[in-house]
Amino acid sequence: MAETAAPLPAERGEKLPCSWRYVSVCILLPAMSGGLNSFVYSSYSLYFREMGWDLGIAGVCLGFGALGKIFFQQLQLRLGLWTAVPMAATHVILAILVTIFPDKLWAVLGQLLAIQFFDTVVTVEVICFEVFAGSEILARQAAAALLASWTVGYAGSATYGGIIYDLWGWTGMSWFDSIASSLFLLLILTMPPVRNSWSRLRAKGPAAETQRCADSAPSDDATRAQGMAVVDLHVDLDVLNWPVASEMGMPTNRAEEAPEKAEVQLEKPASSQTSPSTRSNKIPANTIMPAIMICLNGFTNHFSYHTVFMTYAIFFKEHHGWNEATWAGIAQTSGDIFAALVISLHLTRKKVDLMEARGIRWLWYASTGQPYNVSCWMVIWVFLNLAITSSLLPISVAAQVLMGTVYTYSMKANTDLNVFYSLGSSETFIALQTAARNGDAFGAFLAGLVATQLYEADPCAPFYASALVVLVTLLLFTVSFCRRLGFGQSIDAAEEARCNRLRIKRSSSWGARSMG
């Protein structure tokens, strides 16, 4: 088994400074971003029932909002961070409209669309990367802090959103949205990377800005991007979907680069002389099947999670007589927070040589290691989707709480697989992670289309449908990886044996890190 490299001297001593830059970028921005894009889920279904509006319309609106989010994220990454300002300003305007017309369906739908369309998580991630790109070690620490703040923000929003609705109704929700989105806009305007992006646009024009992002050579920054890709695998969720430093026009610091590189790879990494046409972020042909399976898991994970996220408030009110949005929100929050706390404990899986293990011990480590740990999370998803339909309130609440935990861990398992199959290539990792994000968005889109429609037919129908989708994906995922890797070996050993059998050269530019 590979050994983990000892930390470099700089890594042991360098720490993030407790400054306004750290607080604003790593705490305030991600916490506000996560909260603004999630707080309405605790009460929007209750408000639609109160107003006598068709709940299915809200589901379709949120579904298309999740799909449109892909477009706005790509637009922002192509044109620059300055686009975050008009996006945030549009959110503010639509939120203010709801304070004026709280009883108008078109105004509320506009607010729901703004919350999904203008999801700012990518903005926050890129700002963090640019601000701390001068040091790889600081960038890693900033990534961990950002993820923790974002998780607390989006998970906690279910609770405070329910409290606001119970106390002040949808008028209170719209006022909160207006004030919070305005503060977020002001905070975005203070960020140097956003101002620098606007300055570059004015100096060169939008075409030059787009060309600068497209033509920046990633090879000089491969080490930094790899460092960001393996930002302590116990905390690397959405934070890892970042462009490499050269794409953001930032200088890189390679003084802390490990002197040794491991010799192992699917495709030869692009050199600094590689032409732009060959530096496209494409998934290697040998990795297409794992990429598809990872996308399927992301699709299923988000379909199940958004199914419960879109219906839990109205479900507990009408199915269990839980009339307060606050308690349903607390239950929804607790599962995500619990997962974040456990992940932050830095628990590591014991390294076991499966060739020497026997019996139950062998079966346990073989079935819970990559990639079959994803199958285990899918099995749990099936049972939780069935358990939440129980007529016993404690069982139903426990299932809801654990759903947030399983969702978070399944996202982490996906990112870990993308890190493994990237083989140290930042371009491959970005391509894999982008494909996974598209699968996530499509799962949320489909949940928006069908979850509320099925709920109107039967309160338990969305969860039965979700269980069926997960079960089908579980079979496809497990059978596909069994055909590719077999069962009973570590993923690294199985992929190595497969490449030797097919005479495929497998190499990577990883440093001396454990990939298992």
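Even glycines carry a Cβ here, placed using N, Cα and C.
Going by TrEMBL, these are the annotated features:
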type: COMPBIAS; residues: 254-266; note: compositional bias 'Basic and acidic residues'
type: COMPBIAS; residues: 270-282; note: compositional bias 'Polar residues'
type: REGION; residues: 252-282; note: region 'Disordered'
type: TRANSMEM; residues: 22-41; note: transmembrane segment
type: TRANSMEM; residues: 53-72; note: transmembrane segment
type: TRANSMEM; residues: 79-101; note: transmembrane segment
type: TRANSMEM; residues: 113-133; note: transmembrane segment
type: TRANSMEM; residues: 145-168; note: transmembrane segment
type: TRANSMEM; residues: 174-194; note: transmembrane segment
type: TRANSMEM; residues: 288-315; note: transmembrane segment
type: TRANSMEM; residues: 327-348; note: transmembrane segment
type: TRANSMEM; residues: 379-402; note: transmembrane segment
type: TRANSMEM; residues: 463-482; note: transmembrane segment
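Long-range contacts of the transmembrane segment (174-194) within the same chain: residues 24-25, 28-29, 32-33, 35-36, 39-40, 81-82, 84-85, 88-89, 91-92, 95-96, 98-99, 102, 111, 115, 120, 123, 126-127, 130-131, 164, 168, 248, each at least 6 residues beyond the stretch ends and with a Cβ under 8 Å from a Cβ of the stretch. By the count of Cβ pairs under 8 Å, the stretch nearest in packing to the transmembrane segment (79-101) among 22-41, 53-72, 113-133, 288-315, 463-482 is 113-133.
Same-chain residues lying 6+ beyond the ends of the transmembrane segment (288-315) with a Cβ under 8 Å from its Cβ atoms: 41-46, 49, 55, 59, 62, 66, 162, 325, 328-329, 331-332, 371, 374, 377-378, 381, 385, 388, 400, 403-404, 407, 410-411, 413-414, 417-418, 421, 432, 435-444, 446-448, 451-452, 455, 459, 462-463, 465-466, 469-470, 473, 476-477, 480-481, 484.
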